[in-house]
Number of protein chains: 2
Amino acid sequence: MAGFWFTEKQTENFGITMKINRTLHTEQTDFQKLEMAETAEWGNMLFLDGMVMTSQKDEFVYHEMVAHVPLFTHPNPEKVLVVGGGDGGVIREVLKHPSVKKAVLVEIDGKVIEYSKRYLPEIAGELENERVEVKVDDGFMHIAQSENEYDVIMVDSTEPVGPAVNLFSKGFYAGISKALKEDGIFVAQTDNPWFKADLIQTVQRDVKEIFPITKLYTANIPTYPSGLWTFTLGSKQHDPLQVDAERFHEIDTKYYTKELHSAAFVLPKFVKDLTE
Amino acid sequence: MAGFWFTEKQTENFGITMKINRTLHTEQTDFQKLEMAETAEWGNMLFLDGMVMTSQKDEFVYHEMVAHVPLFTHPNPEKVLVVGGGDGGVIREVLKHPSVKKAVLVEIDGKVIEYSKRYLPEIAGELENERVEVKVDDGFMHIAQSENEYDVIMVDSTEPVGPAVNLFSKGFYAGISKALKEDGIFVAQTDNPWFKADLIQTVQRDVKEIFPITKLYTANIPTYPSGLWTFTLGSKQHDPLQVDAERFHEIDTKYYTKELHSAAFVLPKFVKDLTE
């Protein structure tokens, strides 16, 4: 199809709508409906089960903010795991940190990787890097089988529906803690406070039971519901707000800055209330 | 009409869409098309020329962030001017500051005031307060006729189309400077950096020529384009990032906090670049 408008209903009563120049691919994979389209506003865009996942124009926000906040918090991240994230954007940012010797991507749906490589090359381009190991596998199972292995784990999942439902469970966070080394850090995307306040509260409560340092930070993602996205960070030892200034090496970004590293944790009052 | 969907095209190729339970009022005023509707997601909502102006559910963000940042920056704001803002939301926030003896609202379109009072009473409810003077008049002319009169001026306008086009001109900023006292502060909403980067750059350049302290800050407004809104602050003497801690008196808010007062000025890199 060509030249039509696509609407994502972000809630029952509200959504975004955008002009699609042409559909690039549509497929029901083993896990979800995958659609890739060329949009007039955002460049090529990936949808899973009808929800915007990433676009060429605004992808940098999500990928930078998932990756750089925990990686600059950890004093020497060498081994990193990305759960989900088959588009490769988080991996691309992870590799900007010279300390990282190995970045493992565990994506359940190989089709996401395949079509991201084809239609989102600027995002997926580092998946072939020699420091990267790509596994098409169940992230929940991978976590369950890992112990004392990773410095940083990033959960780049869809919303808690379909294949991602296990990735928002207390058992998963306990598994992450076990898979992390003794000073490990994890971060997960945890949706938005306008429409999913309950989810944020639940995740904060669950993560706090497992990680002594649990904090929420935000970023503006214009193609995601409400434009205000949250990330939950759980850490065993290192506080993201107590990072030595000299740790912030130069890095090429479009959203993240070392000043924003801290400011992103300063929450609007109604969001802060969800964490208490 | 009842039970339909309304779409605001925020750009030629992108927009938001929402379920309207019922239209409350539609009128072509002397200045613009005014629509008031009960939405299923956001409560009652005011539209001018087809653009979302404010809603019951998310109005607090805009109104708090316009008002409290300059009012806490000024050591003793007594006389305040709001240009535009006929819904009364900024005035409501201004009155939370006990130092303010008089708040003048100059709104060009009396119909905005009339229908906000009727359908947005929680927002417009303080327009009758004895500390408030409401003038239905041209804000540009009011500014031109004022000299050394106000401590803080807030420009709560629509986008630079229709009646607001003069409110984004260098002549207007010069007039504001003259209308302010020698240590006055002004703030204006200056749209979003995703779709209106040029506008932000132009305003920053123009305001910098007139005000020695010019800064940009942001807030998340989910019903506005991109969800990331900017405000340009111009100040003759007082720096919003150099506010004495004891100045922050207790205030009842849902978005603004004294920590966010500073954090809101920490910009994503691509936004910071627009100010340099």
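Along the chain as shown, residues are numbered 1 onward.
Note: Cβ is positioned from N, Cα and C throughout, glycine not excepted.
Per TrEMBL, the feature active site, proton acceptor maps to A:Asp156. Sequence-distant neighbours of A:Asp156 (active site, proton acceptor) (same chain, 6+ residues apart, CB-CB distance under 8 A): A:Val66, A:Val82, A:Val83, A:Gly84, A:Gly85, A:Gly89, A:Val90, A:Gln189.
According to TrEMBL, the S-methyl-5'-thioadenosine binding site annotation covers A:Gln32, A:Glu107, A:Asp138, A:Gly139, A:Pro163. Listed in sequence order, the residues of the same chain lying 6 or more apart from A:Asp138 (S-methyl-5'-thioadenosine binding site) and placing their CB within less than 8 Å of its CB are A:Val106, A:Ile108.
A strand conformation is recorded for A:Asp156 (active site, proton acceptor) in the three-state DSSP classification. For A:His63, A:Asp87, A:Asp156, A:Ser157, A:Thr158, A:Glu159, the entry in TrEMBL reads spermidine binding site.
For A:3-236, the entry in TrEMBL reads domain 'PABS'.
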DSSP three-state assignment (helix, strand or coil) for A:Glu107 (S-methyl-5'-thioadenosine binding site): strand
Maximum Cα-Cα separation in Å among residues A:His63, A:Asp87, A:Asp156, A:Ser157, A:Thr158, A:Glu159, which the record lists as binding spermidine: 16
A:Asp87 (spermidine binding site) to A:Glu107 (S-methyl-5'-thioadenosine binding site) - Cα separation in whole Å: 9
Which of A:Asp87, A:Glu107, A:Glu159, all binding-site residues, has a Cβ with the fewest other Cβ atoms inside 10 Å: A:Glu159
Residue pair A:Glu107 (S-methyl-5'-thioadenosine binding site), A:Glu159 (spermidine binding site) - Cα distance, angstrom, rounded: 15
Separation of alpha carbons, A:Gly139 (S-methyl-5'-thioadenosine binding site) and A:Glu159 (spermidine binding site) (Å): 15
